[in-house]
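Notes for the one structure printed next.
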Amino acid sequence: MEKNVGIPIRLLIIEDSEDDALLTLRQLRKGGYDPVYRIVETPAALENALLEETWDIVLSDFHMPSFDGREALRIVRERGLDVPFVIISGVLVEEDAVEILKSGASDYVRKGNWSRLIPAIGRELREARGRREQQRAEEQEAEAQERYRNLFESAVEGIFQSTPAGRFVTANPAMAVLAGYDSPQELINSVRNISNELYVHSESRDMMLEILEAHGMVSGFEVEVYRKDGSRTWIVINSRGLFDDSGKLELIEGFVVDISKRKRAEAELANMNQQLEQLVADRTSELEQKALELEQANRRLQEVDQNKTAFLSSVSHELRTPLTSVLGFAKLIHRDFCKVFLPTSGVDEKMNRMGDRICDNLDIIVNEGERLTRLVNDFLDLVRIEAGRMNWDDQRVSPTRILKGAADAVNGLFVETPGLDLVFDVPEDLPDMTIDPDRMTQVIINLLNNAVKFTHKGHVALRAAPDTESDAIQIQIEDTGVGIPVDDIAKVFSKFHQVKGQEGKDIGTHGSGLGLSISQQIVEHYGGTIRVQSEVGQGSTFFLTLPLNRE
Ligand code: ADP
């Protein structure tokens, strides 16, 4: 048994003699082949064999009863197959051999000449393989070319080749569209000098050529170009130079992208920026102007305020001195007249009545004089505080002592008002604080006085407690008096504000409308706050917060 170790080969044998065919097969096996084969002897069988399978080689007899080798070759070639076709024939005249080779047979070998047939088959197979490979390579190349052509044709970027002199060598459709031409061919034919006809500034192209010559490539080169219709557009070019053997620039090839939209957006942005800057500049100068005006107004106000302070201060001083002597003499006259002179006036009714009237009038003078003195003193206090000229005699003191002192000072008022109690609710151990004791007493007395003045019955309470959380003491002066209408609450701390139509009682001190204002200034000087809660008919509570440890 022969072993199948040979080269596989698919063999189509056209032969009317099976013996001859088998002989050939045997020789082939001997020659190192391992054939898979089919033997056909009619055109129809040949057609089928070609249709059903592919063959590496066809070996054909020339003279057969039903058809000859010429006919067989025609059938094979008509199918478009370039499979090696080797004629094996007994007798073949020279002309037939030449003719059949001309019409496409690969070779012919005499029957029985095995030493020629085997190498011939090898050669044919090799050549066929070579042909197939070459064909495949060609197909691949054609495919690649087709791919590149597609890429070139359908690219959205413009692709071009141009000469340094300024003619297009190639251009793709996108390039033509970009420049406003109908086709690449039209672009190539129409533009004879790219620098002059396409570039808005021909120097730009010179510059690009210079860069190409120096560096071999240019990227991101932005230029403005004319389109066919004369309109302008911005493009960006990425290109490289191709040089001849002597190093001379021969061709420029590259990509072009239309950036007119981006350029327009950039221009709009720049424009907007400019407008914005202008707007900001306008606003800034407007603001500067306003600030200047404000500063001037402020300076004028300060001047006015200083003038006012100086005026009030001098007027108050000027008033105080004569007032002191008027009041002093009025008191003296009152005492001399009412206590010494009047009792000696005898029994004349008329004289006594007149004397009493003079006493009453002198009383009024003394009271009004005292009121005026208080007003002037309050005035001076306020002016000094506001002008920062107040002398603060700060000491380490116990707030409890101050609160007690203030309560004692107003105690007489409660004795005079039956039905009104003073509630004193202050712990003994309030922590010490640094403050001017006279000023703090002044604030508390003022608040207690007000409370008594506007409370007819019930109580006035003075309470205090330390507030460890905010490191302060909280003081409350609470009354059950007439209260303050909502509209006035925010105004009671303003200078001279007095609630209209309020039923206060005469406690010998006519208000100046400055007490709360001064109190607020003092409390704020020590970093504290003062506020009021009140309800008409129910009473008022003033809340004071004084920090214990001030920076
Ligand atoms: P005055 O010297 O007139 O009391 P203040 O500045 O001390 O001035 O008070 C201003 C005004 O606030 C008072 O005239 C009064 O109308 C109102 N007021 C102050 N304290 C009380 C209070 N406890 N109850 C009701 N009204 C008050």
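Quick reminder: no glycine exception, Cβ is built from N, Cα and C everywhere.
These numbers come from a predicted model, not from an experiment.
Annotated features in TrEMBL:
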- 125-154: coiled coil (COILED)
- 262-307: coiled coil (COILED)
- 10-126: domain 'Response regulatory' (DOMAIN)
- 144-213: domain 'PAS' (DOMAIN)
- 219-271: domain 'PAC' (DOMAIN)
- 314-550: domain 'Histidine kinase' (DOMAIN)
- Asp61: 4-aspartylphosphate (MOD_RES)
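The number of other CB atoms found within 10 A of the CB of the residue listed as '4-aspartylphosphate', across every protein chain shown, is 22. When the domain 'PAS' (144-213) is classified with DSSP, helix, strand and coil residues number 40 helix, 10 strand, 20 coil. Taken together, the residues of the domain 'Histidine kinase' (314-550) have an average pLDDT of 91. Helix, strand and coil counts under DSSP for the domain 'Response regulatory' (10-126) come to 55 helix, 27 strand, 35 coil.
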